[in-house]
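Colleague: Annotated active site, proton acceptor per Swiss-Prot: ASP174, in sequence order, evidence recorded as sequence analysis. Taken from Swiss-Prot, the feature substrate binding site applies to GLU34, HIS35, THR36, ASP37, TYR223, supported by sequence analysis. What Swiss-Prot records for GLY124, ALA125, GLY126, LEU127, SER128, SER129, SER130 is ATP binding site. The Mg(2+) binding site annotation in Swiss-Prot covers SER130, GLU162, and the record cites sequence analysis as its basis. What Swiss-Prot records for ARG28 is site 'Transition state stabilizer', and it gives sequence analysis as the kind of evidence.
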Amino acid sequence: MSLKEKTQSLFANAFGYPATRTIQAPGRVNLIGEHTDYNDGFVLPCAIDYQTVISCAPRDDRKVRVMAADYENQLDEFSLDAPIVAHENYQWANYVRGVVKHLQLRNNSFGGVDMVISGNVPQGAGLSSSASLEVAVGTVLQQLYHLPLDGAQIALNGQEAENQFVGCNCGIMDQLISALGKKDHALLIDCRSLGTKAVSMPKGVAVVIINSNFKRTLVGSEYNTRREQCETGARFFQQPALRDVTIEEFNAVAHELDPIVAKRVRHILTENARTVEAASALEQGDLKRMGELMAESHASMRDDFEITVPQIDTLVEIVKAVIGDKGGVRMTGGGFGGCIVALIPEELVPAVQQAVAEQYEAKTGIKETFYVCKPSQGAGQC
């Protein structure tokens, strides 16, 4: 049964009438451009064919009812006329409440809604299950009530909800790609202007995501430390963000910086340049150059930004040994575990899967999870 069929059937059972529409918003994987988003830089993600799906209908009162199919059909209910506060027990409900609360601040011309939510974006893998939920909820209200909001505004609203209501610091990339993704394309995003450029993906190339299943423990504290180090670097150059510093300016005075901060800054500056070049390489179908840029990105995350772990490095090496210069592979996401992403000619996918199955667990004691994805369309009706 598809997610659409599942949520529609649950909706009718739970609420006693049929849903009027079903909305989806995808998860994402970032092909290159890591930790550049909060430095006002560039990222190159694509939406993937794993999504959050919501069957919904407007109500003629001010009540919101939400059922979470993936959490034992837990039900949350709140009013649009009372202050929206955090749910005491259901963490999932806070993403919904946060989006609705922040949408009220932007455009309060919507009424109540019934929703049933289900999704298949793997959680805790760094594939943005939370952003896809935020964008899906925003899109539901936008579509049901014809709100004059575009994808970028729905994305910004989701980011605000996550930062201010849920209390998790995140950049804008995850929500933007979920809202604006384009089938068979990646999206080059300028995280300062929020300008986007669709970049066509070469034909016959699979987007493979492999979860190391190494449990991330440091990710919150270390993420904040990296952010502070980048801000320290920007202050040193008297710029609002590292986006405004050139590699030449950095090289001239790198020796004056704290050595750790210097390494962090160098990663951001070189990663921004790589990301812009990667968009051109992809568009020209130059998988060899894309592979080189992904390899440089991984080395920079490992040596300068220091956010990889041995298990991730092992996975990258196993994949690289199979694909050579026919594709690319690197860690993706915040770091300290999580996933790697690879662009692989479709005919090499079975060989990569076999090599990983034979070697990764033997070397690390952990079993990986393997996903073959397609670059997919952003949020909308399904």
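Note that Cβ sites are derived from N, Cα and C of the backbone, with glycine treated the same way.
Where in this structure would I find these features, and how exposed are they?
Modeller: Its Cβ taken as reference, ASP174 (active site, proton acceptor) is surrounded by 29 other Cβ atoms within 10 Å in the chains shown.
Listed in sequence order, ARG226, CYS230, HIS267, ILE268, GLU271, PHE305, ILE307, GLY334, GLY335 are the same-chain residues six or more apart from HIS35 (substrate binding site) with CB atoms under 8 A from its CB.
Around ALA125 (ATP binding site), a 10 Å sphere centred on its CB holds 24 further CB atoms from the protein chains shown.
Under the DSSP three-state reduction, GLU162 (Mg(2+) binding site) is assigned to helix.
For ARG28 (site 'Transition state stabilizer'), the Cβ neighbour count at a 10 Å cut-off comes to 32, with all displayed protein chains included. Reduced to three states, the DSSP call for ARG28 (site 'Transition state stabilizer') is strand.
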Colleague: What three-state secondary structure does DSSP assign to ASP174 (active site, proton acceptor)?
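Modeller: In the DSSP reduction, ASP174 (active site, proton acceptor) maps to helix.
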Colleague: From the recorded positions ARG28, THR36, ASP37, ASP174, TYR223, pick the residue whose C-alpha lies nearest to the C-alpha of LEU127 (ATP binding site).
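Modeller: Nearest listed residue in space: ARG28.
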Colleague: Under 8 Å Cβ to Cβ from THR36 (substrate binding site), same chain, six or more residues apart: give me those in sequence order, or none if nothing qualifies.
Modeller: PHE42, VAL43, CYS191, ILE268, GLU271, ASN272, THR275
Colleague: Which one of the binding-site residues (SER128, SER129, SER130) has its C-beta surrounded by the most other C-beta atoms within 10 angstroms?
Modeller: SER128
Colleague: If one looks at the chain holding GLU162 (Mg(2+) binding site), which residues at least 6 apart in sequence have a CB under 8 angstroms from its CB?
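Modeller: When sequence neighbours closer than 6 are ignored, GLU162 (Mg(2+) binding site) has TYR95, GLY98, SER130, ALA131, GLU134, CYS168, CYS170, GLN175 within Cβ distance under 8 Å.
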